[in-house]
Structures are given as structure tokens and as C-alpha cells.
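Here is the structure we will look at.
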Amino acid sequence: MKILRTKEAVRLFLSNLPNNQISIGLVPTMGALHKGHLDLVKKARKNSDLVIVSIFVNPTQFNNPEDFAKYPQTLDKDVELLKESKVDCLFLPELEEIYPSKPRLSFKFEGLDDVLEGEFRPGHFSGVGIIVSKLLNIVKPHKAYFGQKDLQQVAIIRQLVADLSMDVEIITLPTIREESGLALSSRNMRLSEMDKVRALILIQSLNKAKEELLSGKNWLSIRDKISMDFAHENIDLEYLELVHTYTMEKLDAVAPQVPCSVCIAAYVSGVRLIDNVSVIEA
Ligand SMILES: Nc1ncnc2c1ncn2[C@@H]1O[C@H](COP(=O)(O)OP(=O)(O)OP(=O)(O)O)[C@@H](O)[C@H]1O
Ligand SMILES: CC(C)(CO)[C@@H](O)C(=O)[O-]
Ligand code: BAL
């Protein structure tokens, strides 16, 4: 596996490929890799001739400096995992390579970014828009892979690519979970074994919300009851929302043919976790 640290190295690498018919798959990550990331890589490996993974902990998408400072980093292990997964290239830029100066550009994703993560992490999706645009411009992949665990991010990246007429196909894959149901996340590395058990309240609440919505219960009363469960467990629930899966519009009921998902964010011992389940599929 080649490790490329600069845009120029990527450009050279791509220009030396045997022919320009080769299909390229990009999996953008922030490292501290787990089976969720590796599932994206596996799909990319299956679909594309050349697989490039990027690892870059992007400062412009962090609204909370402590979250950025504590973001897990396990580079040696990541490199081993990527080699085992037969990745061709790791793009591993330094901060200055991506941001030689502070970007003046910012993104607003009208209607998509004022709820959920966008509401509680101001500037987050502008930062995601900037880094994803940069990575797509540098690598020029045919396909790029993202996880549905970050449901709102998927909607935003699809919009970004459409609005900027970028020639890339966005592929999304379902959330990979521990056997317990806990969604895999790099930030789980900051949880103790006890915290991982406490964190199960997220997926349990999502499943309960889904079941009750489908049995015709009122959304606001479902949400109130779940908020009380969180208060009882002393876990800080940041949001629990029923949204349209693609437009991110907040909903207060399910309806046939309207794809919707329940999304959650909560702090378990100071670690912010997110998750979602689809209630009605497209
Ligand atoms: N459990 C998972 N299953 C499938 N894909 C995932 C999972 N977790 C993350 N991903 C996807 O992997 C890509 C890189 O995500 P990232 O590096 O931020 O990891 P992460 O585990 O989501 O980290 P964190 O949750 O701590 O932000 C994103 O497209 C993300 O949606
Ligand atoms: C897409 C991404 C790699 C951009 O930094 C990040 O938001 C993530 O890991 O989901
Ligand atoms: N996977 C989302 C990246 C973030 O939390 O900033």
C-alpha cells in the first residue's frame, strides 16, 4: 500500500496509472478505524479497480475544541488494517497540506443543515463540505463511500455533489454494529466497558421509537417518554427527532410512502454519540 502525503504525490500517482480506464473508489475517514470503515473499504474493493482511503482529522468540522483534541488516533493499527484490506493507497495529508491558510469559503446547505447535527454543531457541515470538496478534487474518484450512521452528512454530501456538478457517485452503506447493537464509532474508544453498556440506551430507544411509531403511537409522547428514560439514567440527550430520510425535514408522524428515520445524539460520560434507524424505507 502506498502512503501519499501531498496533493502532488496523489496527482503523480494517478498520472502514472497504466490507463485512464481505471475506476477509482475513495473512502474518506478521520482514522481510528473500525469494522464500519472496513465495510466501506470492502465494498470499494469490490466495485473499483483502485481503492484510496483518506485519513484526516478535519479541524474545520469540529465545533468543540475538546472533541477535536480528544479525537482517537491509532495510525499504526489503521495502516495494518488497510493493508490487510488490500487498499492501494492511503492519502494521509498534514494539516498544512489541506489548509495552507484558513479557508474563507463556507457552506450553507439550505434546509438540510439547520436541524440535528447542524443545529447542535454550528459550522460542522460547512467544514464537512470544505473537506469533502477538497478530497474529491484531489482524488477525483468515480465513487465515494459514506456510512448511513452519519445520515445527515449523507444528505449534505449528495447535495454538495449535485450543486457543484461533481462527477462522482455517492455510495452509502448501512451502519455496522457491535453484537449488542451499539453502532461502531471511533469515539467509542473513549468509552469504558461500563459506558458501552450505558450507551445501549441509544439504539434501544431508537428501536423502541420505531416499534411504537409503526404501531400508531403519537411521536411527541414517544419522545417525552424516551427523554424521561435518559434523565433517569443520567445521560444527557441532545436531540431525538423524527425526520424525512432525505430532506431532513422534522416530522411529527409517520405516513405511508414517506421515508423517515429517527435520529439521536447523546453524551455518555462526556462522549458525544449519534445513531439513527430507518422507520419507513423509501
Ligand atoms: N458503524 C459504522 N458503520 C458504517 N459506516 C460507518 C460507521 N461509523 C462510521 N462510518 C462511516 O465511516 C466514515 C468515516 O467516519 P469517521 O471517520 O468519522 O468515523 P466514525 O466512527 O463515524 O467516527 P465518530 O463517530 O467518532 O465521528 C463516514 O462515512 C461514516 O459514516
Ligand atoms: C466525511 C469525513 C471523513 C470528512 O472529514 C467525516 O465527516 C467522517 O468521517 O464522517
Ligand atoms: N463521522 C462524523 C464526523 C464528526 O463527528 O465530525
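Placed from the backbone N, Cα and C atoms, the Cβ positions cover glycine too.
Now, the feature entries from TrEMBL:
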type: BINDING; residues: 30-37, 147-150, I176, 184-187; note: ATP binding site
type: ACT_SITE; residues: H37; note: active site, proton donor
type: BINDING; residues: Q61; note: beta-alanine binding site
type: BINDING; residues: Q61, Q153; note: (R)-pantoate binding site
The correct three-state DSSP answer for Q148 (ATP binding site) is helix
Spacing of the two Cα atoms, L33 (ATP binding site) and Q61 (beta-alanine binding site), in whole angstrom, works out to 19
Candidates H37, Q61, Q153 (recorded positions); nearest Cα to S186 (ATP binding site) turns out to be H37
Across all protein chains shown, the one of the recorded positions M30, H37, Q61, Q148, Q153 with the most other Cβ atoms within 10 Å of its Cβ is H37
Cβ proximity for G36 (ATP binding site), under 8 A, sequence spacing 6+, ordered by residue number, returns G147, K149, T175, I176, A183, L184, S185
Between the binding-site residues L33, I176, the one whose Cβ has the fewest other Cβ atoms within 10 Å is I176
Of M30, G36, Q148, the binding-site residues whose C-beta sits under 6 angstroms from any atom of ligand 2 are M30
Of L33, G36, S186, the binding-site residues whose C-beta sits under 6 angstroms from any atom of ligand 1 are G36, S186
